[in-house]
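J.: Quick one: the structure is below, and I'll ask about it shortly.
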Amino acid sequence: MASSSNQPAPTCSSQSYGSDFEPDPTLTNDDLKPTTSSQRSFSGWEMASLWVGLVVGVPAYYLAGSLVDLGMAWWQGIATVVIANIILLVPLILTGHPGTRYGISFPVLGRSAFGIRGAHIPTLLRALVGCGWYGIETWIGGEAIFLLLPKVVKTTSFAESIPWLGTSPLEFACFVVFWIAQLGIVWKGMEGIRALEKYSAPILIGLTSCLLIWAYVKAGGFGHMLSLSSKLSLSEFLALFFPSLTANISFWAPLALNIPDFTKYAKTQKDQIVGQAGLPIFMGLFTFVGLAVTSSTKVIFGKVISNPIQLLGQIGGLTTMVLAILGISLATITTNIAANVVAPANALVNLSPSKFTFRRGALLTALLGIAFQPWRLLGSSESFVYTWLVGYSALLGPIGGIVLADYYLVKGTDLAIKDLYSLSPNGVYYYSGGYNLVALTALVVGILPVIPGFLQKVGIVTSVSDVFVVIYNNAWFFSFFTAGFLYWILSSLTRYNNNSISDQAQQPLLSNEN
């Protein structure tokens, strides 16, 4: 990642890369070079801390409440979340493997499947989703600031919504303030992110526990939550379950793609696997907290309050408000920076290493986050879950399927590291002018069938065939397996698996197989 005063820039030593390793300057800089042994500082606990910081946040809480809001019973909501995250754990660990083995980030790994130049396409698609999420998380942080403002300020004309803007000038101003505040941590690079996640995890766990205890005491236990039954028939539940499963997988699908950006810093394969294995547990526990607290609000306030920021505003009290702002801000920043800055910044660095550094890429990411108008994406449970989450899974699913099919089925986990940084036409990953047409074909085939259902969901078309509705509701699964399988078959037929990689090229730069 970006070098800073706290993190020495990686060096291209002959011990790590070979004496003849001379990467093309247009394909690398300090952010894209493979990590050296001294940079492998992530232990299993630090990888797990990363996930705690990612999971404990308003969007995850809101996602849990949305499922119940749409009619599921509490246990159905928790089961949906846990099943989705167990499924997602498989591609997370599999995609994390090359990061730890070779010390490479996602943009570099993408060159293996899509080609030296073709890798820009999947990394920029991933970056686009990251920018959208960055805006959403920043808007949530801005809401926390808005919560602190005196009532007299909130009742002024500045707090009134402007139709063309879609929100009020006051809320937008709070959004901008939080947007600026995050840049300080981003500017410290990967080392600053690692420290933030490590020390924030226990604080977030403590604050979440306090909220759960408060709800338990005020509501007189969780009896009300446990008595809530599903409002859906079996057919209605199944119609809701599969798109909800897709939405929950989509929730972490962006990070499942660029997880090598983090596992490249893991000490061993064991550390990256053990650290990531906590995701379904953390998500299950936090979903329980979200559902338990949300259901308790019916007893405490006489109405269901699914938005945690609105809930904290209802609780009131100076101490509560201060702790609330601290918790929301910390949870938002830990999630936003790790999940939504690293991938877009690296994608931009990969696009033009001579022009972009991690910091410049992060700044552009933040600017694009504003353009997404996140206040509109969070307008309702329907738009958040079934338009935003399910919609972008059609872009990320096929990329994940292609990358994994390439690394495990086509390349057999053997990568020619030197060729990943070479523009030589004789390079293994140069393909056709730097583009692997097989990968691009599989990507398009994976995305196209999902488009009709998406167009209907956003209201551009009035109706489509039921087949397209089913495909859209299962967008991640359909696109992931369709694109991955097609890529594998076409690669085998066109011999793009290139069995002539030398023994020297097949060796990982550093041994991290423990």
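Backbone N, Cα and C atoms are what each Cβ position is placed from, and that goes for glycine too.
Below are the features listed in TrEMBL for this protein:
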COMPBIAS  1-18  compositional bias 'Polar residues'
REGION    1-39  region 'Disordered'
COMPBIAS  26-39  compositional bias 'Polar residues'
TRANSMEM  48-68  transmembrane segment
TRANSMEM  74-94  transmembrane segment
TRANSMEM  127-149  transmembrane segment
TRANSMEM  169-187  transmembrane segment
TRANSMEM  199-217  transmembrane segment
TRANSMEM  237-257  transmembrane segment
TRANSMEM  278-301  transmembrane segment
TRANSMEM  321-349  transmembrane segment
TRANSMEM  361-378  transmembrane segment
TRANSMEM  384-409  transmembrane segment
TRANSMEM  429-451  transmembrane segment
TRANSMEM  471-490  transmembrane segment
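Distances, neighbours, how buried they are, the whole picture for these features please.
T.: For the transmembrane segment (48-68), the residues of the chain that approach it from at least six positions outside its boundaries are 42, 74, 76-78, 80-81, 136-137, 140, 196-198, 200-201, 204-205, 208, 228, 244, 247-248, 251-252, 255, 262, 274-276, 278-279, 282-283, 286-287, 289-291, 294-295, 306-309, 328, 331-332, 334-335, 338-339, 378, 381, 384-385, 389, judged by C-beta separation under 8 angstroms.
Panel annotation: around the transmembrane segment (74-94), residues 63-64, 67-68, 225-226, 228, 230, 237, 241, 244-245, 248-249, 251-253, 255-256, 259, 272-273, 276-277, 279-280, 283-284, 287-288, 291-292, 295, 400, 404, 407-408, 480 of the same chain, lying at least six beyond its termini, place a Cβ under 8 Å from a Cβ of the stretch.
Panel annotation: around the transmembrane segment (199-217), residues 48-49, 52-53, 56, 286, 289, 292-293, 296-297, 300, 315, 323, 326-327, 330-331, 334 of the same chain, lying at least six beyond its termini, place a Cβ under 8 Å from a Cβ of the stretch.
Residues of the same chain lying 6 or more positions beyond the ends of the transmembrane segment (237-257) and with a Cβ under 8 Å from any Cβ of it are 54, 59-60, 63, 67, 70-72, 76, 80-81, 83-85, 87-88, 91-92, 95, 106, 122, 126, 129-130, 133, 230, 279, 339-340, 343, 385-386, 389-390, 392-393, 396-397, 399-400, 403, 472-477.
Long-range contacts of the transmembrane segment (321-349) within the same chain: residues 1-2, 29, 31-32, 50, 53-54, 56-59, 105-107, 120, 123-124, 126-128, 130-131, 133-134, 137-138, 140-141, 143-145, 147-148, 178, 182, 185-186, 190, 193, 196-197, 200, 203-204, 207-208, 210-211, 254-255, 257-258, 261-262, 308-309, 312, 315, 356-362, 364-366, 368-369, each at least 6 residues beyond the stretch ends and with a Cβ under 8 Å from a Cβ of the stretch.
Distant neighbours of the transmembrane segment (361-378): 62, 127-128, 130-132, 134-136, 138-140, 166-167, 171, 175, 179, 182-183, 186-187, 340-341, 344-349, 384, 387-388; these residues of the same chain sit at least 6 beyond its ends, with a Cβ under 8 Å from one of its Cβ atoms.
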J.: Suppose I define contact as three or more CB-CB distances under 8 A, residues 6 or more apart in sequence; do the transmembrane segment (384-409) and the transmembrane segment (278-301) meet it?
T.: no
J.: With CB pairs under 8 Å as the measure, which of the listed stretches 127-149, 169-187, 429-451 comes out on top against the transmembrane segment (471-490)?
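T.: Ranked by Cβ pairs under 8 Å, first place goes to 429-451.
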J.: State the non-local partners of the transmembrane segment (127-149) in its own chain: residues 6+ outside its ends, Cβ under 8 Å from one of its Cβ atoms.
T.: 57-59, 170-172, 174-179, 181-182, 254, 309, 312-313, 321, 324-325, 328-329, 332-333, 335-336, 339-341, 343-344, 347-348, 365-366, 368-375, 377-378, 388, 392, 395-396
J.: Count the residues of the compositional bias 'Polar residues' (26-39) that DSSP assigns to helix (H, G, I), to strand (E, B) and to coil, and report the three numbers in that order.
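T.: Taking each residue of the compositional bias 'Polar residues' (26-39) in turn, the totals are 3 helix, 0 strand, 11 coil.
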